[in-house]
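Chemist: Take this structure, written in structure tokens, and hold onto it; I'll ask about it next.
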Amino acid sequence: MFKNYLKIAWRNLKVNRLFSAINVLGLSIGLAVTLILFIFIRHEQSFDTMYTNADNIQRVLLHTDGDNGQEIWATVPPSLGPTMMTDVANVEYAARILKNDFGGTASLRVLEQNFTEKDLFWVDAELLNIFDVTFIKGQAKGALDRPNTAVLSETSAKQYFGAIDPIGKTFTVDGKYELEVTGVYKDFPNNSTLDCNIMASGITTWFFKNPSWYNASFETYCLLKPNTDLASTELQLQEMLNKNMEKENQWYTFSLQPMKKVHLYSAGYDNAYANRIGDIKEVRNLSYLALLILLIASINYMNLTTARSQKRSKEVGISKTLGSSSGSLLFRFYMETGLVTLISLIIGVLLTFTALPIFNSVTGQELSTDSLLNVEFFISLFVLWLVVTLISGSYPALYLSQFKPSIVLKSSIVQSKGNVFIRKGLVVFQFAASVVLIVGVLMISKQMEFIRNQKLGFNAENVVAISINGLKGSEKKDALVSELKGLSNVSSVSLAQGFPGMEVSGRSLSRNEDDKEKLNIQTNVTDASVIDVLQLKLLAGRTLPSFKQEKDTLVEVVLNRKAIEYLGYSPEEAIGKKVHISVPNTIVGVVDDFNFASLHEPIGAYAFHNNTGEGKSFALVRYNAAGNSSTINQLETIFKAVAPNAAFNYSFLDNNLQNLYVRERRTAKVGIIFSVLAIFIACLGLFGLAAFVGEQRKKEIGIRKVLGDSIVGITQMLSKDFVKLVFIAMLIAFPIAYWLMDRWLSNFAFHIDMSYSVFVIAGISALVIALVTVSFQSVRSALSNPVKSLRSE
Amino acid sequence: MLLQLKNIFKWVQQGGQRVFLLKDINLEVEEGEFISIMGPSGSGKSTLLNVIGMLDTFDEGEYGFLSESVHTLKEKYRSNLYKEYIGFVFQSYHLLDDLTVEENLEMPLLYKKIKSSERKALVADMLDRFNIVGKKDLFPTQLSGGQQQLVGVARALIGKPKLILADEPTGNLNSQQSEEIMELFKKLNEEDGVTIIQVTHSEKNAEYGSRIINLLDGRKI
């Protein structure tokens, strides 16, 4: 019996090649997309689960009032770590990590050679007790206990020392610290949030040795005793804070974040050092998208199978008169579906293997199919097969098996209206989904375009930022500046702590020291020419003085409009006024607002000042547009001449700004690919349906032709119905798309207006796509010879 | 003369051999004739009718219709030609199930780009003449076979063709219905001067015509 069913199913597939091919193609693409996303989601969920202590590791978060309400920071003051280890009973270990230069790059000098290292972290030795770090050379115990020690990852050891055994060797960081290598560890796995290339002992630095309850720049992880109550621990943290800080000075509170949540649930948090930041929202959105694509492919199957029901009805009728029950027919149709899905699944898996590298390169992931070769994967494949079979087989099986033989076996049966209605409904659904996707993709691209072209209030083009951490002493820095200024291509040079597009130093602004109300402000140590380099608009006053005495404690500041508006001054009034930003400052100039952070955020307060408490890390060089690459070469030559022991590391300001939107661009790319696939699958279905309709209306087409209708007329007639469906789909899709995109755009403080042209374009493209798909079949039907279709039986 | 076929051949290739569907057919039809084509199954009756109706092509020979040489015409002109002058009646009626009787009748007029008011008048005329005014809002499936064929003939006539081609018009009808249709044809032929060519198996029906053409294996005998 079973074999017989299988045989019929197989023959059915073979006879209806076009329909089978469409079904299999659509389903296998849908399944491949689902599988790839499955791998992606599994990878995202697997983050940090491999650590033995994963369940007991917590990251400390800092909550504070920002300009836009509550902000959550992933970094906390340096006193917290050591204090909680001694004061909070359930904390076994706590470890601080600080990226070199508060998030910058490190200039290394190893074996007489210069390197730039992006992921050098200063850490507490306890970190090795909290996370499993496997040592290849040396041992974890005691590796970072002494100052001036460091451990390297396997890759960086190879990169910096080559074949030489690095143990006991020394290297220099930023020309300031000489570190001895005490161990080499296996690289962190690619699903670890923590990913240090070099871990250096934190107590080497001033900041670790002199911890404070300010300067919240330290990511802090702690290991709790098993089964510790988080809420009570958080209370203990508060008590600890109360002991160390006056209540009215407390501008933050703490909370704990389980390690396993760090990767996916930290997207909105500020200041995290990790490069690998996931977003549960992205994971969710992609899951919905995968589901949608799978659904569209399943709908194709349902549609094409029921469309052919008229042909199958005779078979059903005969089987039933021969004694087959509805149940066994049901089983038979399910089996047919199962066969199609099985073939599709096999092709889908093959597609997954070939397409994964493409997905990786587009999204910047490092997913591998290795994770697929396990029992769990095969079980999920089986479940997927079952689910898809049940979904896409349900309607055809239930519908077909209910045919009454007495009606079915009459020569001509009239198609039930309900069947047609459902089929049309499914097509409308597919196209509505496609239209939403098209609108989404267009809108996202438009917003990205807007971001690229947005007037930021300063000019980021043709400015290069050279890292000068490797330069020791102000003489060298000044020498570099004067050398760079000598280049004909260079119009101005400024030394600065940071530049727009990066977090610099967060402080708070008030008129007087005692004011309770304060405003968060980004502060940037710099010099007079910064206004020239960034081409900021000076509203009043002048720039910072070009010269400052070594011992001069007077701090001058240039504020932006937002800051003086908060203080309640007009630009002219502000000049000469005193303000308090950690220390008293005198306003010497006011510049217009500019977007120093991503366009997600509204413009906040910003200060350029000359308080020498913090160092300058970059030389910002504005050059003339011509001769881009040769300019960089010239800059490098000069840099090497001035600082032979430092690595030349530079970045373009405009590139840096674009990097703020990496996630959006990734979403856009993935969105485009998936949308194209979804639309393609929907078109496949439409193509099949049009073929079917052409076949079904063969007789009618014949009659119309004989009565004198033209080919154009018949094509129009056949396409008209589908066009109607596309219009209905648009009516449904537009409000949904509007709502979704409105929500997405509201993530940006600066965004485009919802533009109606996008909807028009999306509508027209959906229409054109549908028309092209359908008319191919319609023309074919219209061209067919009426004699054949009208031949009497 | 209405139409003239000269040495018409039509064949298909089967296993490297030519199988002739029509072989050296010569036929002249004057206006006002009523011709019956007869012959056993597969003798080429329908094929000949389709060739005359320009629905099918032929491989060799000449075909003149009202001083136009059909074999040299492009598809578009050919279809204009038959749209204008030829009406078809089929054995299985070939009415459109989704359209009412009235709409079925109106259809050929739509393709001739006739104005709406004029169409209405012509359709009303035809309904009247065939005594089916009461049925105008019914769908084909609600009619008996005879009534359906009546609509079929009415539809063929509505464009005022010079020639009606009927492929076994009574094949699906009982004898009484058959007779009605044949009487109708005869009346049309005699009173309105419409030329009729029908394919039939029935000697009795063939009698209605003025001339009988016998076919055997694609050849006129």
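Placed from the backbone N, Cα and C atoms, the Cβ positions cover glycine too.
Straight out of TrEMBL:
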| type | residues | note |
| --- | --- | --- |
| DOMAIN | A:560-577 | domain 'PAS' |
| TRANSMEM | A:21-41 | transmembrane segment |
| TRANSMEM | A:286-304 | transmembrane segment |
| TRANSMEM | A:339-359 | transmembrane segment |
| TRANSMEM | A:379-400 | transmembrane segment |
| TRANSMEM | A:421-444 | transmembrane segment |
| TRANSMEM | A:672-694 | transmembrane segment |
| TRANSMEM | A:722-741 | transmembrane segment |
| TRANSMEM | A:756-776 | transmembrane segment |
Chemist: Can you work out which residues elsewhere in the same chain, 6+ from the ends of the transmembrane segment (A:379-400), have a Cβ less than 8 Å from its Cβ atoms?
Modeler: 27, 31, 34-35, 38, 294-295, 297-299, 301-302, 305-306, 309, 312-313, 316, 329-330, 333-334, 336-338, 341-342, 345, 349, 419, 422
Chemist: Tally the residues of the domain 'PAS' (A:560-577) by DSSP class, grouping H, G and I as helix, E and B as strand, and everything else as coil.
Modeler: 11 helix, 1 strand, 6 coil
Chemist: What else in the chain is close to the transmembrane segment (A:722-741), if you only count residues 6 or more beyond its ends and a Cβ gap under 8 Å?
Modeler: 424, 427-436, 439-440, 443, 686, 689-690, 754, 759, 762-763, 766-767, 770-771, 774
Chemist: Under 8 Å, at least 3 Cβ pairs, sequence separation 6 or more: does that hold for the transmembrane segment (A:339-359) versus the transmembrane segment (A:672-694)?
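Modeler: No, the stretches stay apart by this measure.
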Chemist: Six or more residues beyond either end and a Cβ under 8 Å away: which residues meet both conditions relative to the transmembrane segment (A:672-694)?
Modeler: 18-19, 22-23, 25-26, 29-30, 33, 286, 289-290, 292-293, 296-297, 299-300, 303-304, 307-308, 362, 423, 427, 430-431, 433-434, 437-438, 440-441, 445, 701, 718, 721-722, 769-770, 773-774, 776-778, 780-781
Chemist: Counting only residues 6+ away from its ends, which parts of the chain sit with a Cβ under 8 Å from the transmembrane segment (A:286-304)?
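Modeler: Residues packing against the transmembrane segment (A:286-304) from afar: 19, 22-23, 26-27, 29-31, 33-34, 37-38, 40-41, 337, 340, 388, 391-396, 423, 426-427, 429-430, 433, 670-671, 674, 677-678, 681-682, 684-685, 688-689, 692.
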Chemist: Average pLDDT across the domain 'PAS' (A:560-577)?
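Modeler: Summing pLDDT over the domain 'PAS' (A:560-577) and dividing by its length gives 88.
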